[in-house]
Amino acid sequence: MKLTAHADLSALNTFSLAARCRWLAELTRVDELPSLMATPEFLGQPRLILGGGSNLLFTCDFEGLVIHNRLRGIQVEDGGDHWLLQVAAGESWHELVCHTLAQGMPGLENLALIPGTVGAAPVQNIGAYGVELASFCRHVDTFNWHTGQQERIPAEACRFGYRDSIFKHDYQESHLITAVGLALPKAWLPVLGYGPLGALAAPTPQAIFETVCATRMAKLPDPAVLGNAGSFFKNPVVSAAQADALKERWPTLPVYGAGEGQSKLAAGWLIDQCGLKGFAIGGAQVHGQQALVLVNRGGATAVELIALAAHVRDAVQQRFGVLLEHEVRFMGASGETWLDEVLA
Ligand code: EPU
């Protein structure tokens, strides 16, 4: 396993922020984990598992061990009415979507072009254009740092929710994701609820894939060109009563159902209505095509991105009385942190 001390992380986070870590380990084999776990230097040190670094904001240098998950491999089995896939955590999510479509195994087309790795997908239960990872996930294979054993977590135990799972909570410190098991039904069912998909004359998997790619490319900046981490905030879930009151006052506000008595609001719309598209603090900017995305327009620092995030959150709170929570995960010197904590 390759180990680097005082490594530069700017190429390992899609905001391209210049952060460093005390050590960087490149993980290419699961059987390297027990020895990494037993290395005296790393005992009791903060640990961060990094996939594509596409949902992460380094608020400062990381004073611990970063493990860059580069486990590779895709296995496919014929499971009768499903294709069963076992995919190593370090595989690129989008390449997996392309690979399955090319092999005649549709299902993942709505999730095309989501940046990041397969191992990161269950952590926040990636979702787009009406589909979430949870619909296809059978299990998540992990290495448990506490026991030193490999452990398979069935999907039912992953507590998948909107941009949420057990891997953000109880298993955050204890479990490293090594692979994800997926089941793609052979009886393909298109998901066409999202505007431009419903308008497709012949909704084949390839047509959906192409429409999703075109939609994303029109709205969402390519992190390779303009540093960003996708949606910066979650779409807020409020009571149906609050959503009704807001809708009465602002009839064009997009509101979605979110379970009994609850509604989800479009955070991008709320930010946009505050007139913040294009608003910048130093190198940090609210994206001009999608207000929910904050970008590094060149040379942004963590301090600038944090100040911009606080400004956006406060503007929405003042105007609409709705509190935005960040979807991008903030990483402090020794572990996860939150906007309020870094502002304190
Ligand atoms: N809108 C505006 N102005 C904006 C942005 C959005 O008025 O600047 C309006 C749009 O017109 C639309 C509504 O807000 O009516 C929702 O916008 P959009 O369809 O672009 O989707 P979103 O709710 O902003 C969510 C996900 C995206 C995912 C898309 C498509 C979250 C936090 N974000 O965005 O996921 O691709 O839906 O399903 O749930 C991500 O998680 O990083 C991500 C990009």
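Any Cβ shown, glycine's included, is placed from N, Cα and C.
Unlike curated records, TrEMBL annotations are generated automatically.
As written in TrEMBL, here are the features:
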DOMAIN    16-187  domain 'FAD-binding PCMH-type'
ACT_SITE  Arg163  active site
ACT_SITE  Ser231  active site, proton donor
ACT_SITE  Glu327  active site
For Glu327 (active site), list the number of other Cβ atoms lying within 10 Å of its Cβ atom. 19
Do you know offhand how many angstrom separate Arg163 (active site) and Ser231 (active site, proton donor) by C-alpha? 11
Students should find that the Cα atoms of Glu327 (active site) and Ser231 (active site, proton donor) sit apart, in Å rounded to an integer, by 7
Per-region confidence, the domain 'FAD-binding PCMH-type' (16-187) (mean pLDDT, whole number): 97
Residues satisfying Cβ distance under 8 Å from the residue listed as 'active site, proton donor', sequence separation of at least 6: Ala267, Gly268, Leu292, Val293, Glu327, Val328
